[in-house]
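According to TrEMBL, the protein carries these features:
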- 6-23: transmembrane segment (TRANSMEM)
- 66-87: transmembrane segment (TRANSMEM)
- 93-116: transmembrane segment (TRANSMEM)
- 137-156: transmembrane segment (TRANSMEM)
- 168-185: transmembrane segment (TRANSMEM)
- 206-228: transmembrane segment (TRANSMEM)
- 234-255: transmembrane segment (TRANSMEM)
- 267-286: transmembrane segment (TRANSMEM)
Amino acid sequence: LVVGLLNLLIVFGGVAFYVLLERKVLSYSQNRKGPNKVGVLGILQSIADALKLLAKSFGSLLEVSLLEFFLFPFFSLLIMINFWLFFTSFFSYYSISLGVLIIIVLLSLGVYPVLGSGWGSNSKYSVIGAVRGAAQSISYEVVLVFLLMWSLMFLFEKNNLVFSDVNLGIFFFLIFFLWVVSILCETNRAPFDFAEGESELVSGFNIEYGSFPFTLLFLSEYGVILFLSVFSGVYFFGGVVGVFWGWFISVIFLWVRSSFPRFRYDFLMSLCWGIFLPLTFVIFFIPNLI
């Protein structure tokens, strides 16, 4: 229990400083300073923001469905916590042999907090953002599963494959590129943040949330981003080197947000079903054909 709680404290601290890093990266990419008042160089800004959110009054609109409105932020946080508890590391609370399968299951559950929070808010902006987020997540989970299966197949059958080093490197780069773009979509991050489109949806499915429930949704989103970054590095590169690659992938989330405009929603669906999924099928079956 102590190890599990220590794991969660590390995750929450990591989320706080990752948010600060994001705000610094976005500000300097726009030629401004960003947070620099609270603490030395603004290092305590995220902690101050968290305290401010928790100190705000806790309420809801008259039209919301109270059960869904208050339940799903906690469900979202529970999913994020389980990601980290099942992840194999020194601070692991569970030790299981089917960790990848558990992670796939948890990824598939991530659509329910988005859909439930938006639906329970009884707001047209929230509902549109929730439906967008659900369709987007379900679409790219198919691609993610196939990419994971290809990597596992290569891990267990690499001695039987006849790829040259150059061809294998090209395949690995293509798989890794598809994976990074897919986790950007899975986490509703820019330029694929259609569930939280701030211009047309006024923040999307979480528009009616504030104070403590918004803090739970915020922690959940960034906790999953950090987890998928570390998991991607360890899964594709392995060992201690994979952890360093994981932090590099987490920076890719920030770099992409600061560099690319938001896609159109129909382009995203076309990208998934028309390009990524057929390409993933081809990549998945090529080793067997050889």
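Glycine is no exception: its Cβ is also placed from the backbone N, Cα and C atoms.
Heads up, TrEMBL stuff is auto-annotated, nobody curated it.
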Touch test for the transmembrane segment (234-255) and the transmembrane segment (66-87), at least 3 Cβ pairs under 8 Å: no
In contact by Cβ distance (the transmembrane segment (267-286), the transmembrane segment (137-156); 3 or more pairs under 8 Å): yes
Touch test for the transmembrane segment (66-87) and the transmembrane segment (206-228), at least 3 Cβ pairs under 8 Å: yes
Same-chain residues at least 6 beyond the ends of the transmembrane segment (267-286) whose Cβ lies under 8 Å from its Cβ atoms: 135-136, 139-140, 142-143, 146-147, 149-150, 153, 171, 174-175, 178, 181-182, 185, 192, 194
